[in-house]
Structure formats: structure tokens, C-alpha cells
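S.K.: Pulled these from Swiss-Prot:
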- 1-16: compositional bias 'Gly residues' (COMPBIAS)
- 426-444: compositional bias 'Basic and acidic residues' (COMPBIAS)
- 502-518: compositional bias 'Polar residues' (COMPBIAS)
- 529-565: compositional bias 'Basic and acidic residues' (COMPBIAS)
- 589-609: compositional bias 'Basic and acidic residues' (COMPBIAS)
- Cys111-Cys218: disulfide bond (DISULFID)
- 86-234: domain 'Ig-like V-type' (DOMAIN)
- Thr336: phosphothreonine (MOD_RES)
- Ser371: phosphoserine (MOD_RES)
- Ser389: phosphoserine (MOD_RES)
- Ser432: phosphoserine (MOD_RES)
- Ser436: phosphoserine (MOD_RES)
- Thr453: phosphothreonine (MOD_RES)
- Ser464: phosphoserine (MOD_RES)
- Ser467: phosphoserine (MOD_RES)
- Ser493: phosphoserine (MOD_RES)
- Thr501: phosphothreonine (MOD_RES)
- Ser528: phosphoserine (MOD_RES)
- Tyr535: phosphotyrosine (MOD_RES)
- Ser540: phosphoserine (MOD_RES)
- Ser631: phosphoserine (MOD_RES)
- Ser643: phosphoserine (MOD_RES)
- Ser646: phosphoserine (MOD_RES)
- 281-649: topological domain 'Cytoplasmic' (TOPO_DOM)
- 260-280: transmembrane segment (TRANSMEM)
Amino acid sequence: MQQDGLGVGTRNGSGKGRSVHPSWPWCAPRPLRYFGRDARARRAQTAAMALLAGGLSRGLGSHPAAAGRDAVVFVWLLLSTWCTAPARAIQVTVSNPYHVVILFQPVTLPCTYQMTSTPTQPIVIWKYKSFCRDRIADAFSPASVDNQLNAQLAAGNPGYNPYVECQDSVRTVRVVATKQGNAVTLGDYYQGRRITITGNADLTFDQTAWGDSGVYYCSVVSAQDLQGNNEAYAELIVLGRTSGVAELLPGFQAGPIEDWLFVVVVCLAAFLIFLLLGICWCQCCPHTCCCYVRCPCCPDKCCCPEALYAAGKAATSGVPSIYAPSTYAHLSPAKTPPPPAMIPMGPAYNGYPGGYPGDVDRSSSAGGQGSYVPLLRDTDSSVASEVRSGYRIQASQQDDSMRVLYYMEKELANFDPSRPGPPSGRVERAMSEVTSLHEDDWRSRPSRGPALTPIRDEEWGGHSPRSPRGWDQEPAREQAGGGWRARRPRARSVDALDDLTPPSTAESGSRSPTSNGGRSRAYMPPRSRSRDDLYDQDDSRDFPRSRDPHYDDFRSRERPPADPRSHHHRTRDPRDNGSRSGDLPYDGRLLEEAVRKKGSEERRRPHKEEEEEAYYPPAPPPYSETDSQASRERRLKKNLALSRESLVV
């Protein structure tokens, strides 16, 4: 190492000397003058000179032998002062003081140091200090006022660096790593980073990160080397990677893309993914999920049909239904609703081609022959359009039970439990007797039969119920109060007429066949089953009877009932008509006519039964719920086209 002055007795430092003992350099060359850098040598020299001055003062005034000893001591002290231990120096250098790297790229900051001797390993310390000024900002604004001021300061002082030379209190200072021997210790801020000190004193970053830009100082500390320059610095700037193309996928490069376009592309991709999930959900949606959860791609549909689901819930929970109360729930006798309109289970319908109406399936039969199930059209009900065709049971042309199930499903689809009310529309009026197959016995339910119509008298028997003449317009006919009629009570039913038969009518009953004007026994009037038949018999003058007894029966049923609110009440009960002052006298001719007809009916019964067998079809086979259930299960297993909604029914 170079020193200020080397050699003894020289000023230019060119002379050199060696110590006497080879292992201890106690007589190393020392400078003539000290410039304040070695304080220990200066203090030793001052003490030696003080002792020398004291010895000389004593020796001059003492014995000559003592003076010789003092001279030896003086020489020894002088030589010991000149031959003290040498002062070593250290020098630290950085080969490249300026580094610019890309983010996440490795970088190494080289640092080397030199010493006169290395009896012990020195301590290497790397420190981080932020820039006093931002180099990146100044590079993008070279015409700023601060840049102009820095340029003026650099021109006046060539060694001035405005980005490095500032107080540590105004910038960030951190210890990066330290090394002593082979042990490397990272600072608290850099724990977990791949940073190490390699070689002599090189600082190595495996990956740079944001915030690594700054000034890094390399310091070497040794207990033996007290002179020289033990510190140097290097600047590091970390830049982000910028290129003219954007690499979206590995090996795929695209041109520069705007930020707003990138956001739009991301939103569209998210929407497409959501739509794809919705479509897959609709395709794979189970039929047992909640009906109120709808798919986003098909909002008009849900996982299962709502109408069918609600009807099934009503059937299983026992809630009364306005469509078929006896089918969906078992009602108590107190809440028994009026019987719905039924389709008669009789012979073929007249007036239609083939004997069937337009809304009846000819090949379907739920209870055997004579039981026809109507098929609903889409135009029959206003709510039929709401039923989705995707959830209907596809009726099979070969299987009659599928038609029945289709009809029942159509009824359930039109069922709305949230709006109870009186039944309306063809769906309610088309109720057939299929709904009563599973009902309990009618004998176990308290019910009241229809009220019988009062018996008409002979005076107004010639007028039909459609006649405008009322009871008040009929003239009162007074009858004589004698005979057996005056002593007999009024008959309240047809069956009570047997007890009121007079002696004269018993014989007339046997002669009734001859009194009918030659009418054959096959076309005798049938036995009266109700009082409506008596009206038809009395109205024979207005409506002549045909030879077909069934036509007469249907004609009596097609006659509209009398309006109870009109003033034409045909009742003979004085309690029902308060305007009459008293009861009219009873006419016995009606009684005689009824008894005569009853006797002829008893004799004509065998012939009538033979005629009825010729008109009516044979009775259907007895219904068995077990057989029907077993056959229904077999048909369901064979039909693979049934949807899962049919199981709810």
C-alpha cells in the first residue's frame, strides 16, 4: 500500500528499511512527519520525547557513569519510537457503478477490496439507500426547473451527484446483507428473497423486484486496517418490461390492445360462460327441484310443470279442489258440495256421426262399455294455452289408458288452487263418471234426494208446464161432498194410491187393455216412476207419444224445469199460495187414472223388460280397484314414452 512518506531520514518516501528480527517488524519504515492520520504513533513519540528530555536534564548534573546509562536509554527509546507496529490501510472499489436491468431479471453488483495483510476475515456490509431524486421522472422531464438547477450545480462542482449525495434522514436506508467468512445474513426487509454475497464482496440478485431501484453501498470493516477508503457505491435501476406486442398465450402474440377493449373482452367472456352454464342447467335440470327456480335462458319454463305440481300437492295433502272434489279430497258430510254435471253413461249419442259426440274419444273407455271420457281441445278453455306441450303425456293410439291419463293431466293442468270459486268452463262441465269410481259408498254419506214435484189435478192436467196459463186462471170446480172420496185423505205419493183404490177401479183395471182403443201391449205407456211421467201422460194431447219409449223418456228429461220465481206455481198446497182463501175440493178422476195405469203396468212389466234388453247395451263388468291398478302398472312399464310428470298424477 502507498503511504504519505516511506523510509527513514527521507522526505520523498523513496528510502526503505527492514527490521532486524525477521518475524517481528518492529523497525518498519516510518515517516519523518505526521499529518494527523496516526494518533497512536504521535502520542508514543510525544511520550518518548518527554522522557528523553527529563533524562538529559538529570544526566547533565550527575555522575559521568549515570550519564552513559541515560544515553543508552535515550537511544533505545528513540529507536522504539521509530520502530513501532506498522499502520495498515484498506481500499474498496466497484468496477461498474451504474446498472439498469429488467424486472424479474438477475443482476450482480460487483465489489472488491484490498488489504496489506489478512490475519482475520473482514466484515462485508451491503446497504440500500434510495435515490435523493427520482431518476425516471427526471429522464421524462429534462426541461424541468430541478433538472436545470442540478445541471448548474454539476457544472460548478464536477464531483457532485444530486441523486446520491444527500442526508440519510431524507431517504430510506436499509441493510441488505452482511457477510463474515462464509456466513451471509439477510436484512429484515429482504428475508425470503434470493439474495446473497458471492466471491469477494459481490451482491447477487436472482430476481429483481419493484422497489429495488436505488443506491447500494459496499462497506468493508477490518479491526487491523484503519486507513484507506473502505466504502463504495453502485446505482441500480429496475425497469418494467415493455414491448410492441402483447403475448396473451404462450407462443401467441397479438398487437397492442387498449385497456377499455380488454375490459370489454373480459365482460363478454364472463357473460358467455354464465350463458353456457345456464343452458347446461336447463338441459340437465332434474324434475324434483323447486318449481319456482327458473333457468335464465328459458324464463317461461321451470324444472317441473307448475300446474301439475300444484295439482299433485293438492291431491296428496287432501285440499279440496274446485275441479273434482271427490277425486282430490275426501270431504266431510257437512262440506259436501253439490254434484257436478255428469256425462250420462248410456247408449250411443244420437245426432252425431257414428253415435259419438265430437269431444268424446271413441276408442277410450275407463269403466268398460258405455263409459266415454271426453278429450279436451286447446280451444275449450282460456287457460288451456298456458299448458306447455312439453309436459303433456303423449296419448298412444293403441293404448286406451293413455287417453284417460291425458284427460286427467289436462284437468290437473287447468287446476288453480290459488283461485277457488264456482266451476266454470267446459273443463268443469265435462266431468265424467270416471271420477266416481274410487268414491266411497253413497249409502254411507248423508244425502237428500231431489224433491218430488207435486201431483197435478185433472183440471190443469191438459196444460203443459210450458202453458202460460196459471193456477189462478183455472176455474174452480166444485164437487159433491158425498161418496168415498170425501172420506179419504189426500194422497201424498203414488205408492199411497194402492190404499185409496175404490171398488169400482179394481174391476176397471182388469178391463184397461180393452179401454185403450186397441193399443197393443208392446206399446203400452210405461209405469210411472216419478210425477214428471204423469205430466207426460197428461200432455199426450199436446205431444203425441211415439212408439219408442226411450224417445219419450228423453223428451221428458229435455223439458226445462219451471221457474220457481215465476208466479205460475203449480202446487196445490194452500200453505204455498197465500192468495187463496181455502183448499180446492179434491178431484177423484186423477186418482182413478193413476190406479188404472198402475194395474196395467204390472201386467206389462215382463214385456217391457224384454224391450229394454233390446235397446240398452250389456252391463259393464264389475269394477275391481286391484285389477285396474295392476293393469295400469303393467301399461306404465311397457310405455317408455311416458314423461316423469305422469307419475305425479
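Cβ coordinates come from backbone N, Cα and C, glycine included.
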S.K.: Take the C-alpha atoms of Ser631 (phosphoserine) and Cys218 (disulfide bond) and report the distance between them in angstrom, rounded.
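M.R.: Cα-Cα distance, Ser631 (phosphoserine) to Cys218 (disulfide bond): 99 Å.
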S.K.: In DSSP terms, helix, strand or coil for Cys218 (disulfide bond)?
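M.R.: DSSP assigns Cys218 (disulfide bond) to strand.
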S.K.: Restricting to the domain 'Ig-like V-type' (86-234), report the mean pLDDT as a whole number.
M.R.: 88
S.K.: Would you mind listing, in sequence order, the residues at least six apart from Cys218 (disulfide bond) in the same chain with a Cβ closer than 8 Å to its Cβ?
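M.R.: Within the chain, Cys218 (disulfide bond) has Cβ neighbours under 8 Å at Val92, Val94, Leu109, Cys111, Val124, Ile125, Trp126, Ala201, Leu203, Glu231, Ala232, Tyr233, Ala234.
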S.K.: Using a 10 Å cut-off on Cβ-Cβ distances across all protein chains shown, tell me which of the recorded positions (Cys111, Ser631) has the largest neighbour count.
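M.R.: Selected residue: Cys111.
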S.K.: In the domain 'Ig-like V-type' (86-234), how many residues does DSSP assign to helix, to strand and to coil?
M.R.: 21 helix, 62 strand, 66 coil
